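One structure below.
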């Protein structure tokens, strides 16, 4: 399974591609950050993020895109920018028919480190270890994108089973 992880943000949008299956060693295929100028007009920033994500989709051809689920923050400006960048990532993937999965920050931290309260340094250290890298990816947005991809690879089989069970249950209800 090849997954593009996206850690959305207006100034720095982390992107990382990981390939593998649960229970086997994973391979990082690429990691980076799509950057926009903080003083640029919002529309131009969103277009720049779209272009950057499209380039990653073209270059790596992922089967899934995993995006960090936006949650309530104290700074409304920050959460709005994150939500807008997240929507751009989801749109790019959906336009191509690539399934999108949303994962909460605590879900990603728990999957990668074993603790939903892990800090950025702990996430970076575990990403480095799991992908057999020489050093943690910088900036933290890039490491977070890889963590999202790892989380999805590990959790997708269980999520698929849950979705199939729910679909079968729904079919049984309709036919009764």
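Each residue, glycine too, has its Cβ placed from N, Cα and C.
Where the annotation comes from TrEMBL, it is an automatic prediction and has not been curated.
Taken from TrEMBL, the feature active site applies to 7 (among others). Secondary structure at residue 7 (active site), taken from DSSP and collapsed to helix, strand or coil, is strand.
The feature active site is assigned by TrEMBL to 68 (among others). Long-range Cβ contacts of residue 68 (active site) within its own chain (separation 6+, distance under 8 Å): 6, 7, 8, 82, 86, 102, 103, 104, 105, 108, 144, 148.
DSSP assigns residue 141 (active site) to a helix. Look at TrEMBL and you will find 141 (among others) tagged as active site.
Annotated Mg(2+) 1 binding site per TrEMBL: 7, 141, in sequence order.
Residues or ranges marked as Mg(2+) 2 binding site by TrEMBL: 68.
DSSP assigns residue 68 (active site) to a strand.
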